[in-house]
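Here's what Swiss-Prot has on this protein:
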{"type": "BINDING", "residues": "43, 46, 49, 89", "note": "heme 1 binding site"}
{"type": "BINDING", "residues": "61, 116, 119, 120", "note": "heme 3 binding site"}
{"type": "BINDING", "residues": "66, 69, 70, 145", "note": "heme 2 binding site"}
{"type": "BINDING", "residues": "67, 82, 89", "note": "menaquinol binding site"}
{"type": "BINDING", "residues": "136, 139, 140", "note": "heme 4 binding site"}
{"type": "REGION", "residues": "123-158", "note": "region 'Interaction with NrfA'"}
{"type": "TOPO_DOM", "residues": "2-14", "note": "topological domain 'Cytoplasmic'"}
{"type": "TOPO_DOM", "residues": "34-159", "note": "topological domain 'Periplasmic'"}
């Protein structure tokens, strides 16, 4: 019996080491994929997103990734959120009709608002309008992607 155990020892060790190596490679691949798909070059790889990428690059938020605003920061919330949003984007850009104007859905608005508040904590303390308006983007509609309208035609501060 001990002779049989000693023969199985190296095989078991190889199996454990192989499994651990495979696990590390899988985690590294997921981490790289998550980081890569957070960045502007990936997000603007569909032609419909090119104008958004240009305005982001020129904005005050150019140094942060798209998903610093557009996805939850919590990894367990981020994974399904990105998977669903990615599948929807692939479908709309290949089989659907995305239209000229891209509007955020309610779930995305909630995520973006939470991320605004997370980064701009000191601003939230001083802003009285936080009680009057539900979302930061109710007043700061185009802060990330720059002003789109001449001053004379704006309805909110940063259109």
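Glycine too: its Cβ is placed from the backbone N, Cα and C atoms.
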Non-site residues, in chain order, whose CB comes within 8 A of the mean position of the CB atoms of 61, 116, 119, 120 at heme 3:
69, 115, 117, 118, 136
For residue 66 (heme 2 binding site), which residues in the same chain are close in space, meaning a Cβ under 8 Å from its Cβ, but six or more apart along the sequence?
38, 39, 40, 43, 56
Whole-number Å only: compute the distance from the Cα of residue 116 (heme 3 binding site) to the Cα of residue 82 (menaquinol binding site).
18
Enter the number of other CB atoms within 10 angstroms of the CB of residue 46 (heme 1 binding site).
15
If I take the alpha carbons of residue 61 (heme 3 binding site) and residue 145 (heme 2 binding site), what is the distance between them in whole Å?
9
Other same-chain residues whose Cβ falls within 8 Å of the Cβ centroid of 67, 82, 89, the recorded menaquinol site, in sequence order:
37, 38, 43, 66, 70, 71, 81, 85, 86
